[in-house]
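Engineer: Take this structure, written in structure tokens, and hold onto it; I'll ask about it next.
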């Protein structure tokens, strides 16, 4: 009888908490959105499944070695960790002290937990390698670069301004997050506000990379918000685009783009990364990998590497990245008032980015000889190529002969560059204040 009771006590369901059950439900919703609604399935499916695994009681798949010790360790072992942190031997107090400890102390305690026989879960290992070291977002950026054509941007360089204008949503959202903190509604630090703001760039890898550096505790919510809003581009953008433009503006036909030589396409990524990296070294990792991937494409001499970068490699890394992000969808980190603030600020950032791109295009029409259809300004957010397709679709609704797709790809690609530079700016100046 005792063995049966022991078996029952060891079942995960006997230790299931309300928060874990709720997070498992949220993970199932993400899986439903990915499979049934096809909302960013390449990321939301592994994120949702990773979240499901992370919240299985007693499995410890998303726990580090130290977290496993705090969850399963003896009183003596917990007391040793508490003494190192000068706090009481209570797991809750230890976690609070850990959050304020310097990285060197955290690493030392992780090693101690490993020496005591505790190991990190598989999802925690994925997170440490893929996101903790910043590897996965950078490799994905390389793959995106290999799939990107700079031709439309080079054929119409002024669309760089549209991509730059769309980044206004990022900085406006940082101000919004700090205002929420100042009013006492929701508490956000400056690094957290910067990490949330990058959602406005509609660039998932950049959002993950920046939040892993500035606010890793918010990474799960930021990643889910970023990819969810990217999937909702066809729903979020059109009402804003129509509200800010007249019917006549939406019917503007742009001049045919010139042919861009292969030499220009080869030189552009080299010149771009050199200039930006010399001026803003913190943007070099993201932009460097993006430009390297593009050079694989345009050089025409490494077709095997180009094919691997934009297919097999990016697909493999996407799996590990999604599962790693899912490891952060645990109840004690996700079910916080900050999560609601992130979701609200994220959609505000996206809307402001869309609107600022359209408004910039309208302003440019006042001073430029050749008119720009303001709809392509909305493509300045870096959801490639979804935002460009939406601009083209809205334009075709007004005039069935007005094809804007290639024109919209210019600001769309500029948005990717802009979001990487914005991330570099925040890494440089926010990190200096931390």
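The backbone N, Cα and C atoms fix where each Cβ goes, and this holds for glycine too.
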Engineer: From the ranges 13-35, 36-58, grab the one Swiss-Prot calls transmembrane segment.
Structural biologist: 13-35
Engineer: If you look at how Swiss-Prot annotates this chain, which of 99-121, 122-144 comes out as transmembrane segment?
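Structural biologist: Feature transmembrane segment in Swiss-Prot: residues 122-144.
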Engineer: With pairs fewer than 6 apart in sequence excluded, do the transmembrane segment (403-425) and the transmembrane segment (266-288) have three or more C-beta pairs that lie under 8 Å?
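Structural biologist: Answer yes: the transmembrane segment (266-288) meets the transmembrane segment (403-425) with 3 or more Cβ pairs below 8 Å.
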Engineer: If we skip the immediate neighbours and take only residues 6+ beyond the ends of the transmembrane segment (339-361), which ones have a Cβ under 8 Å from one of its Cβ atoms?
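Structural biologist: Tertiary neighbours of the transmembrane segment (339-361) are 161-163, 165-170, 172-173, 176-177, 180, 185-186, 188, 196-197, 199-202, 218, 221-222, 225-226, 229, 236-237, 240-241, 244-245, 372-381, 411.
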Engineer: Which range out of 122-144, 308-327, 403-425 gives the transmembrane segment (186-208) the most CB pairs under 8 Å?
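Structural biologist: By Cβ pairs under 8 Å, 403-425 leads among 122-144, 308-327, 403-425.
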Engineer: Given a Cβ distance threshold of under 8 angstroms, which distant residues of the chain, six or more beyond its ends, lie next to the transmembrane segment (122-144)?
Structural biologist: 50, 53-54, 61-64, 67, 205-206, 208-209, 212-213, 219, 285-286, 289-290, 292-293, 309-310, 313-314, 317-318, 320-321, 323-328, 384, 416, 420
Engineer: What stretch, picked from 13-35, 223-245, 308-327, 403-425, has the most CB pairs under 8 A with the transmembrane segment (159-181)?
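Structural biologist: Stretch with the highest Cβ contact count: 403-425.
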